[in-house]
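What follows is one structure encoded as structure tokens, with my remarks underneath.
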Amino acid sequence: MFSRLSRSHSKALPIALGTVAIAAATAFYFANRNQHSFVFNESNKVFKGDDKWIDLPISKIEEESHDTRRFTFKLPTEDSEMGLVLASALFAKFVTPKGSNVVRPYTPVSDLSQKGHFQLVVKHYEGGKMTSHLFGLKPNDTVSFKGPIMKWKWQPNQFKSITLLGAGTGINPLYQLAHHIVENPNDKTKVNLLYGNKTPQDILLRKELDALKEKYPDKFNVTYFVDDKQDDQDFDGEISFISKDFIQEHVPGPKESTHLFVCGPPPFMNAYSGEKKSPKDQGELIGILNNLGYSKDQVFKF
């Protein structure tokens, strides 16, 4: 599955007893750190799953692409951790001049055990209330957050492999899932990411994704899809959408030990899986994945 993909598709991980105890404890930590890192730093958790909003200042704003920025938020202390677990997110809120609350979910792209700060990658949408507000902020301005919001309870080695299908900022929860899986030496799950964008310049988190692929070639693979490579002669990906034929050839089938995770804008979701009905209702599986024979229980929509 992780071999180089054909260009033909460019179209369509006493003393003896002490040693054993240490080894066992180490294995337990690595096997569980993705879901339960908060167990080891309970007092340092900022977000505890209650209804309390916490105002956090922006420490840095960086350009990620022509319409996307990376916001770094400072946690209360240098030893503070978010308190999130794998496949979870945060609510962000601001209050309009008329007193209305605008609330949106965001998935941090930082390591879950990162101390002192966390990062969000946010795309500006024309007419989007939250994104317009965020893009009008500057360092030291604050945003209110609460959480975590649980999305999916990941269990290491539950599947032999998983496939992540994403487009645009849909990469955020997929990247959080991918990099914590492949960096856990006790989780042997193979991760295959299919990521679509308009142009190579629109690919978000590309540096991080390429670094994962280089460091963990046996556990992680990413294929980029673009509508137009423009003048990027070094682009090494597919100049097409993520086709049904490509998925059928390069993704484990419905009868294998696999699971698929999908995240992207509404048209993308409708094409591959259908949208969720609500945060707690995945809705029916439609689109390309349904046509390929995958069941509703094999696909999760972020």
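Here the Cβ of each residue, glycine as well, is placed from N, Cα and C on the backbone.
Here the structure is a predicted model, which means the values were calculated and not measured.
Record features (Swiss-Prot):
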type	residues	note
BINDING	158-193	FAD binding site
DOMAIN	51-155	domain 'FAD-binding FR-type'
MOD_RES	Ser278	phosphoserine
TRANSMEM	12-32	transmembrane segment
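Recorded features from Swiss-Prot, shown on the structure.
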residue	record	Cβ contacts under 8 Å, 6 or more apart
Gln158	FAD binding site	Thr189, His259
Thr163	FAD binding site	Val191, Asn192, Leu193, Leu194, Ile247, Val251, Pro252, Thr258, His259, Leu260, Phe261
Gly168	FAD binding site	Lys123, Asn197, Asp202, Leu204, Gly264, Pro265, Phe268
Pro173	FAD binding site	Ala87, Ala89, Thr107, Lys151, Phe261, Cys263, Phe302
Ala178	FAD binding site	Leu164, Val191, Leu193, Leu209, Leu212, Phe220
Ser278	phosphoserine	none
Fewest Cβ neighbours within 10 Å, where candidates are the binding-site residues Lys188, Leu193: Lys188
Model confidence over the domain 'FAD-binding FR-type' (51-155), averaged pLDDT: 97
Helix, strand and coil totals (DSSP H, G, I; E, B; other) for the domain 'FAD-binding FR-type' (51-155): 7 helix, 51 strand, 47 coil
Three-state secondary structure, which DSSP defines for Gly168 (FAD binding site): helix
